[in-house]
Structures are given as structure tokens and as C-alpha cells.
Amino acid sequence: MSRNPAPAMTTANPALQDVLQDAPAAPPRKPMSLQLKAGLAITGAIILLGLLAPWIAPHPWDTISMRTRFLPPNATYWLGTDEYGRDVLSRLLMGTRLSLAMGVSATVVSLAIGVPMGLAAGYFRGWIDEALMRGADVLMAVPPIMLGLLVLAVTPPALWKTALAVGFVYIPPIARLARSVTLSLANEEFIQAARARAESTSYILFREILPNAWPPLIVEASLRVTYAILLGSALSFLGLGAQPPSSDWGLMISEARSFLDRAPWIALAPGFAMCLLVIGINLLGDGARERLDPRLKARLGKA
């Protein structure tokens, strides 16, 4: 005895159809801007070269050969050689790792200290806010290069100390940004709901406010990486950062000062690389700001 199959449902609930028709469509994924693509390409290429430097460097970066001193760029030494006969390209590639490591390390130090300080100042307010922000104002009143010199003057120069000093210099702007974002979020409904649930202060700060504060902090951090690289290179140029025979870009430019008239390529190579890296990270930061902050994009569209 055969059983007839149940008829397929061909009509849906009219009320449900009306709800589905009235529901807003999912917003299309925003395409990456040209700035963001260019920043990713430039920064990604430099980071990749830095990571692969030990394997792609054409010559040992620290080998001294007085017979090959001051050779101009040629088929064997693409960027020439320095006063000790060392290959400039190999030293430039190895220096990429040092500059990136110093900039990222300094920014991590700034974020690790500045973000909690700004969250506390913006959330608790009162005397905590006054004490933290007035201290930040005092530090921001001192030029970054002078503050870095003061921090490094009491200890022997070393690259890791330079990273700590530069990170210390950029704590105040990170803290002020974190405070500003916290103040704008402190009275939002989801924060009020967390307080009504009797959530702990640490939960509200690090599970509610911090995730919503990351977009502007990420953009600011990308800019601080460029500032940290420039300041770290300046300190190395002055002899307070990396020490010979390191291939730090600032130190390479410092060592090439005496030979600009006869071998300008020694200083031009790290100088150009530094400019290219800063441009790439700035483009990356600007593109990320437009993508992560819809309000900024709307303002730019109206302008």
C-alpha cells in the first residue's frame, strides 16, 4: 500500500514575508581604499624583507674588507660599500629588522602602560584623572628628543634601552587618547547595563570599554610606530642607541656623515629606506582610520 507524499509547502506566512521584506539588507563590505592598499603593500614588503634578511642578503653584513672600500653601486654590490668595505645592501636589510623591532617594541611599551592609565583616568575621573593627566601634561611639555636623551643619559647606550626610552616618551599621547575614548563610552547603555549587573570595574574596563576603544588606538599605534622609528634612529644617530658594528639605520647615517662628499650612497640608502617605511606606515594608518571609523569617512565624503 503506497503512501502519498505530503504536499510541499508553497506559501509562507504573509506576516513573516512582510517582516523579511522590511528588514534592512546587510551592509556591503567596504572595499579597501587605495591608501590602505598602498600602505599594506609598502609596509608588508619592507617587513618581509626584514624577516628574510639573513637568507636574502647577498653578502655578510659585518665582513670587513679594506680592498673594497667606497665602491660605488655595481653588479656585485648593488648599493655600493662603506668605509670598511661592507656591503651597504646587506647592512640595510639587516637594519630593517632592528628598526622595525625597535619601533614595534617601543609602541608596545607605550600601549601597555598608556592604555590602562587612560582607561583609569577616564573611568574614575576625580583626583585620579587629575593626577594622571597632569603628569602626562608635564611629560608632553618636554620635546621627545630631549626626554629620550634624559632617560638614556644615566645608562650605557643599548638598543633595547632605546626602545624602552622611546616607549616611555610616547606613553602620554596614548594615555590621553585612551582617556578620551573612555569618557565618550562611559555613559553608553551597555556600560550602564554592566553596572546594573554589578560587574567588577576590571570587567567593565577591559571587557566592555577596551574592545570598543581599539579602533582609534590601533590607528594611533600605527602612527606611533613611525614616530618611534624616527626618534630611535635619531638617538642612534647621536650615539645613544645602537652601537657599532650594528646596522641600525640611524647609526649607518651617522657613520656616513664624514663621507658624504665621496660616498653619498652610504647615507642615501638608509635614509631612503626610512622615508619609505614611514610613508608606508602612515598610509596604512590613514587607510585603517577611514575603514575603522565610519564617522570620519562620512565627514570626508561631505567635505
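Quick reminder: no glycine exception, Cβ is built from N, Cα and C everywhere.
Remember, predicted model here, so these are calculated numbers, not experimental data.
Taken from TrEMBL, the feature transmembrane segment covers 38-57 (among others).
Feature annotation from TrEMBL assigns domain 'ABC transmembrane type-1' to 96-285.
Under the heading transmembrane segment, TrEMBL lists 100-124 (among others).
According to TrEMBL, the feature transmembrane segment maps to 136-154 (among others). Beyond its flanks by at least six residues, the transmembrane segment (136-154) meets 117, 161-162, 164-166, 168-173, 175-176, 227, 231, 234-235, 238, 240-241 of its own chain at Cβ-Cβ distances under 8 Å.
Within the chain, the transmembrane segment (225-243) has long-range Cβ neighbours (under 8 A, six or more residues past its boundaries) at 98-100, 102-104, 106-107, 110, 144-145, 148-149, 152-153, 157-159, 162-163, 165-167, 169-170, 249-251, 253-254, 274, 277-278, 281-282, 285. Annotated transmembrane segment per TrEMBL: 225-243 (among others), in sequence order.
Distant neighbours of the transmembrane segment (263-285): 35-36, 38-43, 46, 70, 72-73, 79-80, 82-83, 88-89, 92, 95-96, 99-100, 219, 222-223, 225-226, 229-230, 233, 249-250, 252-253, 255-257; these residues of the same chain sit at least 6 beyond its ends, with a Cβ under 8 Å from one of its Cβ atoms. Look at TrEMBL and you will find 263-285 (among others) tagged as transmembrane segment.
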